[in-house]
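Visitor: Provided herewith is a single structure, encoded as structure tokens, for subsequent inquiry.
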Amino acid sequence: MRLFGNSKEQGICQVGESDVAVSEIKKDEALLQKMGYKPKLHRTYAFFENFASSFAACDCMSNIRGSFYIGLLTGGPSAYWITYIIAIPLQLISAATMAEVCSALPTAGSLYFWASAAGGKKYGRLIGFIVAWWVVVAWTSFVAVNCQSTTKFIFGELPVFNSGFSVSSSDVKFRAVQWAVGEAILLVCVLLNFIPPKWFRYIFRVSVAVILLDFVLNMIWLPIAVSTKYGFRDEAFMKSTNYDLGKVNNGWSWCLTFFCTARILVGYDAAGHVAEETKNASKTASRGMFYSAFSNAILSTGIIVMFLYCLPPSNVMYELIKSNSQQPFVSFYAYALGKRAHVFMNVVGILGMIFDTSLSIVASSRLVFAVARDGVLPFSGWLRKVDSHGQPTNAVTFIFLISAALLCSNLPSAVAFTSLLSAAAVPTIMAYAAVAFGRLFLSRNDFPKSEWSLGKLSKPFQLITFLWNLFTAVILFSPKAYPVTGKNFNYAPVIFGAITIFGLISWLSIPASRWSTFYDASKLDSNSFDDSSSDKKSLEKAASIAEGSITQII
């Protein structure tokens, strides 16, 4: 990591306007140069694009629907809404903590870079290498999981229309068809990422619009249909429990409902990944991160209440869960809205997931680019290259290749791929905990100041973030079915352990000289860019790079 060192890479700063002023880049390129990096990515995105990257990565609609039935089986309705009430404020505190860090260090490396900084001079390199592998694997897995989840909503239609085609995950022929569809979805999402920034910004807008349309339809159309068909659930149902995990303590079964509710907002760090492409990043990226999490929290509150009250009678509900092994929510929509009418609702959700995946590739590719820029990954020299539009297209290709390979794991065994669901979330959650831990104990008084500051709440929020994310990781590591067998074993701890070992191997094999020395925190203060002569010189140098290397974005 070239934090405050002389970068050997010669980069360009691409901008959308040829008359860019020094004042517009003084808190972006100047801060980036003080972190040791020359600007290479385009910087054309504003608040909305930054906000949309995290808003789509979280997408509470897809997150809730994807695992809603699991919560009903582990603890029941009361466990679901109670754990949600507990989880959402704690997730928002975590988002606020990460947003404060993002404001101080707005770089594409995001969690990797922040963890390195939080680790201090003594442990920064070690923590940075481990977290780098955590988050790269997590975000790459996230892309593959999104594609697979989308296929589940597609094939969930077959039981509704009584198709004779098997949709059992134990059927290798079905898994082959599902794999092919998942790969096709991945290809579409990747191709969208080769659109120049000038036009790609519309993908951000469409993604947010589809999610909001999805929300509005569920808040208006669904309750109207339910009220005329079978009516809303009563208070007794909302207070009921259901422990369907076999021989396991009911208290722990209740806690496992956090598997659904504690991960609703995971992914808000996407705004940090695109920080180097965002104008006035010290403020804009942190605001985009927190407000996207807050917006998803508001939407998820309304939608969870609506879903719980709109569920069909219990005997019908559990029959729907059993009859549609791919995605019970599709059968729920069909029962409530009608066999034909529900298709429109499902198509809106599927489109939302496709756009979500495309924006997740944006975030993950920027992360890969930033980690490769510091030489942490294999083939770093190739991965850190950008195209004429200032986009890391080689990193996008890398995401495509790895995600495609991960999708192939579904061919021999459905169990292996199911474990990716936890593997995609756990490393990110542990990275949140690592950043908070480092700031609390390793760089308590040395971390750069933030423009978006939590003030006196900063330390308490860091402690809460650390403890909460550790608890969440324990939940995601736990078995989800009992007794534990080879078919239902949760491989997330095994995958996480392997990722950590790869991080340690990288730390041991890559010399510290190739990663450079650590930063001087006193010089990395995003609030300290005044009009002093030294800062003017840095700004003029950054402006010179920008003006001398402009490529018009088409």
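Glycine too: its Cβ is placed from the backbone N, Cα and C atoms.
Below are the features listed in Swiss-Prot for this protein:
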TRANSMEM  68-88  transmembrane segment
TRANSMEM  95-115  transmembrane segment
TRANSMEM  126-146  transmembrane segment
TRANSMEM  176-196  transmembrane segment
TRANSMEM  206-226  transmembrane segment
TRANSMEM  250-267  transmembrane segment
TRANSMEM  288-308  transmembrane segment
TRANSMEM  343-363  transmembrane segment
TRANSMEM  397-417  transmembrane segment
TRANSMEM  418-438  transmembrane segment
TRANSMEM  457-477  transmembrane segment
TRANSMEM  492-512  transmembrane segment
Visitor: Out of 95-115, 206-226, 288-308, which stretch touches the transmembrane segment (343-363) the most, going by CB pairs under 8 Å?
Guide: 206-226
Visitor: Can at least 3 Cβ pairs under 8 A be found between the transmembrane segment (492-512) and the transmembrane segment (68-88), with each pair 6 or more apart in sequence?
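Guide: When sequence-distant Cβ pairs are counted, the transmembrane segment (68-88) does not touch the transmembrane segment (492-512), since fewer than 3 lie under 8 Å.
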Visitor: Taking a Cβ cut-off under 8 Å, which residues six or more beyond the ends of the transmembrane segment (250-267) line up next to it in the same chain?
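Guide: Contacts of the transmembrane segment (250-267) (Cβ under 8 Å, skipping residues fewer than 6 from its ends): 54, 57-58, 60, 63-64, 67-68, 70-71, 74-75, 79-80, 83-84, 86-88, 91-92, 95, 142, 241, 243, 293, 296-297, 300, 360, 363, 425, 428-429, 471-472, 475-476, 478, 480.
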Visitor: Please give the sequence-distant neighbours of the transmembrane segment (126-146): residues at least 6 beyond its ends with Cβ less than 8 Å from one of its Cβ atoms.
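Guide: Long-range Cβ neighbours of the transmembrane segment (126-146): 1, 57, 62, 110-113, 115-116, 118-119, 182, 186, 189, 267, 353, 356-357, 360-361, 363-364, 367-368, 371, 376-377, 399, 402-404, 406-407, 420-421, 423-428, 430-431, 434-435, 438, 495-496, 499-500, 502-504, 506-507, 510.
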Visitor: Other than its close neighbours in sequence, what residues sit by the transmembrane segment (288-308), given a CB gap under 8 Å and a spacing of at least six beyond its ends?
Guide: 47, 50-55, 58-61, 63-64, 68, 77, 80-81, 84, 88, 91-92, 95-96, 98-99, 102, 215, 218-219, 222-223, 233, 237-238, 264-265, 268-272, 278, 452
Visitor: At a threshold of under 8 Å on Cβ distances, which of 68-88, 95-115, 206-226, 397-417 pairs most often with the transmembrane segment (457-477)?
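Guide: Most Cβ pairs under 8 Å with the transmembrane segment (457-477) come from 95-115.
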Visitor: Counting only residues 6 or more past its boundaries, what in the same chain has a CB within less than 8 Å of a CB in the transmembrane segment (95-115)?
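Guide: The answer is 1, 28, 31-32, 35, 37, 41, 127-128, 130-132, 134-136, 265, 268-269, 271-278, 281-283, 285-287, 289-290, 293-294, 366-367, 369-371, 373-374, 376, 428, 431-432, 434-436, 438-439, 447-454, 457-458, 461-462, 464-465, 524-526.
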